[in-house]
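Read the structure below first, then the notes.
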């Protein structure tokens with residue numbers, strides 16, 4: 001049975017990747033269908049109730065700069081906001097928000113339901129329709145076929161998902177949801193490498209049974225940050241505290257005593273877990289010399305008693321979970337509302353993807369999110385936006401687009417995945433980016449919004465606000481460069497008390513701002529130098545561009561050198577055995593990875609600069625040198 005309409009783009013799955021993919025394709029004018037097994041869980045925060053953090057917050061800002069929904073929803077759902085690394089340089093500062101699960105889900109669903117060109121339909125997908133290596137549609141659980149030349153799969157942990165609590169296990173996509181078994185079996189028939197990964201979640205605790213007086217209170221920042229470039233503090237709901245406690249030796253003894261019934265340590269779980277978000281069992285095993293581990297006590301919302309104890313993700317049996325929770329200070333009488341568990345699921349080797357996130361094997365089939373081996377809402381949302389956008393571009397007959405590594409963390413993420421692959425759940429850190437001084441949270445819109453507008457992702461309201469901000473920054477920079485003060489002027493007499501070394505020569509306002517002891521707000525408060533910019537985002541941009549101009553210029557020069565051959569394209573049909581001079585190891589690796597560009601090839605382990613030179617000579621001789629989009 002065929003559905004009565006055709007669609008330009010079909011998105012399968014309604015998590016963080018799926019919602020951003022569907023919204024992106026629809027914003028670009030494509031007739032889009034979002035298929036989900038349950039409309040009520042669209043935008044669900046399946047694990048921790050938080051958005052952002054180091055590296056992750058950068059991705060959220062990039063999603064926002066390209067017109068995505070995650071940052072906006074966070075501003076409406078965030079019940080605590082903090083700027084991490086606030087005492088460090090701007091490159092590594094990151095915004096993190098504790099979110100009310102219900103408010104976040106409601107806001108995402110509201111955005112989806114009001115998006116033109118987007119249809120939502122509740123049905124699980126069991127099959128793909130593929131003809132001559134081209135996807136042409138999907139088939140749902142009830143046998144209903146939907147036709148489309150572009151399909152984005154955002155299946156999360158649902159592909160052959162198996163939930164483990166102790167030595168007991170059962171099939172599930174996440175707690176309370178069925179797995180996608182038929183679709184997983186269908187995907188295993190495709191010529192794409194498949195593996196198993198695992199992730200986990202902690203038990204949820206009843207707040208009424210916690211003694212918060214024994215814990216350290218952690219308040220949010222003041223003044224309050226916002227997540228979206230279009231956000232405002234007035235969008236935030238009521239702000240509340242989180243709390244901090246610690247495990248202890250008794251906790252660790254309880255965990256060690258239960259390891260014989262741990263699915264991880266008894267060989268029941270085959271999948272590899274996230275290195276940077278390990279289970280409490282893993283922490284005790286890997287860091288045996290540590291006598292305690294920090295636990296963040298995070299409220300799940302304003303109208304629920306559920307608490308998320310961040311730091312004790314576990315798949316131990318329930319009796320062990322209860323004992324370990326009650327061994328922790330402040331939780332001696334705690335009651336568990338939901339047990340912690342681990343979940344194993346299928347993922348597909350992202351080296352089998354183009355950097356558009358389209359599969360190399362099947363035209364029109366795109367993957368985004370945990371299906372590609374990543375972990376985290378932010379990583380999923382960023383991939384979803386890129387996949388939905390490129391699916392729409394393909395339907396429109398336009399070239400795919402992906403930012404370079406020096407343009408966005410999204411570019412770093414996709415390049416790492418498609419070039420290097422991953423054997424464990426991949427999460428983003430600022431340390432993964434070579435050019436992080438240019439890839440700051442604060443300038444994500446300056447880096448990406450113009451491109452987003454060109455692609456059709458950015459609406460008129462965002463574009464107008466961005467254009468106004470850019471103009472105000474440029475005018476203020478011109479003012480600071482163009483206004484000068486003499487050492488004997490009244491302005492200097494007012495300024496000198498604020499300086500470590502008095503001004504002894506004529507100086508521009510820009511030079512004064514560049515001094516280490518001076519910042520923009522302080523300078524603007526001194527009579528004769530203000531009033532300055534009212535928009536805090538624009539003011540921050542002015543300060544960073546002035547103070548870091550030398551470093552930024554040097555990093556830009558490094559990038560210009562590096563990208564000379566970065567985008568030189570490599571034919572996917574090229575058999576590297578035909579390239580004379582390459583070693584057998586290099587031939588095997590290049591034929592295995594099938595990199596799209598010289599830049600990707602150069603980042604494959606074992607590919608030497610000499611091999612790259614040989615490749616370039618071969619391409620030139622054969623007339624195959626071309627620049628990738």
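Glycine residues also receive a Cβ, built from the backbone N, Cα and C atoms like all the rest.
For residue 17 (FAD binding site), applying a Cβ distance below 8 Å and a minimum sequence separation of six or more within one chain yields 154, 156, 368, 369, 370, 380, 381, 383, 384, 387. Look at Swiss-Prot and you will find 13, 14, 15, 16, 17, 18 tagged as FAD binding site, backed by sequence analysis.
Residues or ranges marked as NAD(+) binding site by Swiss-Prot on the basis of sequence analysis: 273-287. Here the Cβ of residue 279 (NAD(+) binding site) has 26 other Cβ atoms within 10 Å, regardless of which shown protein chain they belong to. According to DSSP, residue 279 (NAD(+) binding site) is assigned to coil rather than to any helix or strand.
Most other Cβ atoms within 10 A: among the binding-site residues 16, 275, 285, that distinction falls to 16. The distance from the Cα of residue 14 (FAD binding site) to the Cα of residue 277 (NAD(+) binding site) comes to 24 Å. The secondary structure of residue 18 (FAD binding site), as reduced to three states from DSSP, is helical. Listed in sequence order, the residues of the same chain lying 6 or more apart from residue 15 (FAD binding site) and placing their CB within less than 8 Å of its CB are 43, 44, 46, 154, 156, 369, 380. Annotated pair residue 287 (NAD(+) binding site) and residue 16 (FAD binding site), C-alpha to C-alpha distance, rounded: 32 Å.
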